[in-house]
């Protein structure tokens, strides 16, 4: 039988890696010849989850090999987030929880997107629908994915379906959800070996807001003050990025995973928009945004509104 | 609660109309305030099915009214096939069995496409998944949709899942699948009140094949000779369409729903491509294509290959 590759998005996070592994497991149990793959390096957080459950990272691919005709996408659908030669292969399935955009096929396919907090939550359903029992290791990877995407069930993107799935999966994986979850998030939040340049690029995304280009970089930590000890160095680096990319605003979001707040550093000509959008005052270019943890739901939306006023 | 409109594609067929009605029924039973709608007139075939089960046609809409914020699409996803102001409304769900193309949303949604022969087949599953019993009338509409899309289970687009669903639904609807199916198809194939211009436009689609523009019009009938009694008139009308649209080929496909063959009439400079593509010889510009009933799977594919050689 022809082999099918299953992979998530570029700059893979824990949901993308774990969902690729889990869905390949399910597909193989259902009789398909499936193999998980990844489009980028494994983060510390993801590696912690893989080690915890004794699972190998999927193979790295730069593009889909010529002898593979069929692929399945998990945790993404937009072509610019996918493998470089995505238009040369046949997409037979998509399992995702994002908006649909910049995606098309020539033929009908199985496309399943649900508005939940995590792809792993959908896969948990699919094991049940197919009557396949989850092994401890796979349940462990799936609960890790939910913990990651929901910041341990605290993110506003998290739904009741995700919460229920996380509890079910933690039981099968034989871990205490809160204890394991915090350990895993802390492993991902260990920034001690990162350079300032890495901190600013490891999870940075650029957005168009009105006529302005805005970049928002986010890092998770257990102690924001540790990062802001190097504020001068951080701001010098950001000034260079703003110049190179002609940005109106660079917002550095340091999210405290223990308190579920974020301390942001705003740079660029549009820094005042941050004050207006969040009704706050920057001091030393910084402000604490209480209860803000989701870039997608709590930052991009309000900033876009301010920039398009 | 805000009302949600549910509708299928323009030039509605039986699957589009019946799936809109059935999904609105399911959604209302699940607590949503949903209303089916249609984007065009009801065909004879669809009207036969509606009359048979005593169900009213959904309301006609030219565009989604201003007070309706949320919509659900069934049996299509491509924006050019949808309502004119589709970009002004929020699409909260899609249930479909076509390829995905020219579709996008700003937010995550429930998107369910499966590679089966009919949207109604997916809806039959969804009633079961939600533990909602199908009423006789709704089962009747769903089986009518499957009969229509699969030409009574004969089309190569028909899968085992469609076949199983059709038998289940016929039983709930208390109809004999073959007897009712043929009666419904015959009602749709009654072309006695159609003008030649109507026959050539009622189900015509234009395609780009290589550098050529090709139009393929299809009608269902129980007696192809009835239509070809007016061959001169048909060819005169086609010659005008070819001239107006600068077509390389106009293929008129008259499908015999009793024998599951099609008798085609080829006009235009590219008529020889039909002979080569199907390994046949046109006599009096006509040829019988044995076992050919699906424009999508059996005609467009082989003709496209011939035109792009």
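Using N, Cα and C of the backbone, Cβ positions are placed for all residues, glycine too.
Curation does not apply to TrEMBL; its annotations are automatic.
TrEMBL annotations:
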| type | residues | note |
| --- | --- | --- |
| BINDING | A:9, A:13, A:75 | Mn(2+) 1 binding site |
| BINDING | A:15, A:75, A:97, A:149 | Mn(2+) 2 binding site |
| DOMAIN | A:181-307 | domain 'DHHA2' |
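Proximity to chain B, taken as a Cβ less than 8 Å from one of its Cβ atoms, holds for A:97 among the binding-site residues A:15, A:97, A:149. Using a 10 angstroms CA-CA radius around residue A:75 (Mn(2+) 1 binding site), the binding-site residues that qualify from A:15, A:97, A:149 are A:15, A:97. Within 10 Å of the C-beta atom of residue A:75 (Mn(2+) 1 binding site) sit 29 other C-beta atoms, taking all shown protein chains into account. Around residue A:13 (Mn(2+) 1 binding site), the same-chain residues at least 6 positions away in sequence with a Cβ under 8 Å from its Cβ are A:43, A:45, A:46, A:148, A:149.
Per-residue confidence over the domain 'DHHA2' (A:181-307) averages 93 (mean pLDDT, predicted model). On its own chain, residue A:9 (Mn(2+) 1 binding site) has A:16, A:39, A:75, A:76, A:81, A:82 as residues at least 6 apart in sequence with a Cβ closer than 8 Å to its own Cβ. Taking each of the binding-site residues A:15, A:149 in turn and counting other Cβ atoms within 10 Å of its Cβ gives the largest count for A:15.
In the domain 'DHHA2' (A:181-307), the DSSP tally of helix, strand and coil residues is 55 helix, 36 strand, 36 coil. Close to residue A:97 (Mn(2+) 2 binding site) in the fold, though at least 6 residues off in sequence, lie A:75, A:113, A:114, A:115, A:116, A:117, A:118, A:119, A:121, A:122, each with a CB less than 8 Å from its CB.
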